[in-house]
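What follows is a single structure, written as structure tokens, with notes after it.
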Amino acid sequence: MTTPSDLNIYQLIDTQNGRVTPRIYTDPDIYQLELERIFGRCWLFLAHESQIPKPGDFFNTYMGEDAVVVVRQKDGSIKAFLNQCRHRAMRVSYADCGNTRAFTCPYHGWSYGINGELIDVPLEPRAYPQGLCKSHWGLNEVPCVESYKGLIFGNWDTSAPGLRDYLGDIAWYLDGMLDRREGGTEIVGGVQKWVINCNWKFPAEQFASDQYHALFSHASAVQVLGAKDDGSDKRLGDGQTARPVWETAKDALQFGQDGHGSGFFFTEKPDANVWVDGAVSSYYRETYAEAEQRLGEVRALRLAGHNNIFPTLSWLNGTATLRVWHPRSPDQVEVWAFCITDKAASDEVKAAFENSATRAFGPAGFLEQDDSENWCEIQKLLKGHRARNSKLCLEMGLGQEKRRDDGIPGITNYIFSETAARGMYQRWADLLSSESWQEVLDKTAAYQQEVMK
């Protein structure tokens, strides 16, 4: 097996000087190491609690390329298991979601309870006359499963920091989506899934760090939908709220720490000029007082923003899109997109959120297609030997990082910077090159201390 020292990880990433070698997006050995040391050691989003409300409810997803099933237990707790029969490695759960009393392998009929225990083996007395220790052959359980305000995460590594410590200061930014109203959030509708022919790090980096692209990649949408905001509840494109926020915002910042990233504008209006139908904008205006009381002015107004929890959980404030970038190969990622809304919103508002999220950021969304085209074209170019071994510039905002004194936490910069991208690649390199989580944490702390000198 190729080792981290063979790959010279830190020769491919130079975050202190803002350099990245695009071989990191194409190398199959790097990809295999990512599956082991990133997706095998980091906290990964599994599901929202609203998707499995009752005992026996399950949801099938992935941790890296490993299929897992998340199940609500009889006592209300949540477990996750490798979706693999212990007999011949067959998948035991095929439906995307549902409710069940047991998971039965279609190959030889081995059956497992929702707690993962092997409960039935067909023809057991005749097939195993010597006896079979069924307690030894239950489903492989994900050892670490925790929830944060409705979001369920899993981790294979018992030595990893707890979920809240892992999130760190990104939790403050995440709360701006999860904690706007009493009752929290829920997933509306199903999951939209599609494949993009690019490396998973392209979308993760963009959602962590890149507001810069919107001025150019989404220029056509800005031109078509950039009408003045008249404060009405008109539908998108009919003179309401699509004016680009960078034209009206008072200020903006980017957060980048521990591999996570976020960026947002300081806006003046509760609807924040986001790419949504007027019904959604009206909802934000009507619920602003509650959000401000719970979150404070900055986060209550923070509806135009991009975010990524390392490695692959992204969301956009305002447009209600939550998505996971499931890696499929060095040059392919599968997108799973959810619509997340306040649970207290009316059914009509939830439907408007879902329509707006799909229109802008669904697989055929007028903004999503701009992004996908960029990532796919880059991946095509990186088939070239010189292209994938050149150096790329990651210097935007280099040396301008600061910690604020107004209660906004973490390492920050102006929104048009690459602080979060540099931090993401530093955490990426630290994970790939370290044998233990403590080593990772020490390296990341040293990097962040150097950044803030």
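Using the three backbone atoms N, Cα and C, a Cβ is placed for every residue, glycine included.
The following features are taken from Swiss-Prot:
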BINDING   C85, H87, C105, H108  [2Fe-2S] cluster binding site
BINDING   H213, H218  Fe cation binding site
DOMAIN    44-142  domain 'Rieske'
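Feature map: annotations from Swiss-Prot on the structure.
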residue: C85; record: [2Fe-2S] cluster binding site; Cβ contacts under 8 Å, 6 or more apart: R91, V92, C105, Y107, H108, W110
residue: H87; record: [2Fe-2S] cluster binding site; Cβ contacts under 8 Å, 6 or more apart: C105, Y107, H108, W110, W137
residue: H213; record: Fe cation binding site; Cβ contacts under 8 Å, 6 or more apart: Q206, D371, N374
residue: H218; record: Fe cation binding site; Cβ contacts under 8 Å, 6 or more apart: L367, D370
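C105 ([2Fe-2S] cluster binding site) has a Cβ environment of 20 other Cβ atoms inside 10 Å. If you draw a 10 Å sphere around the CB of H108 ([2Fe-2S] cluster binding site), it holds 14 other CB atoms from the protein chains shown. Secondary structure at H87 ([2Fe-2S] cluster binding site), taken from DSSP and collapsed to helix, strand or coil, is coil. Mean pLDDT across the domain 'Rieske' (44-142) comes to 98 in this model. When secondary structure is read from DSSP and collapsed to three states, H218 (Fe cation binding site) falls in the coil class.
The domain 'Rieske' (44-142): residue composition by secondary structure is 10 helix, 37 strand, 52 coil, according to DSSP.
In sequence order, R86, R88, M90, V92, Y107, G109, W110 are the residues of the same chain, not among C85, H87, C105, H108, whose CB sits within 8 A of the CB centroid for the [2Fe-2S] cluster site.
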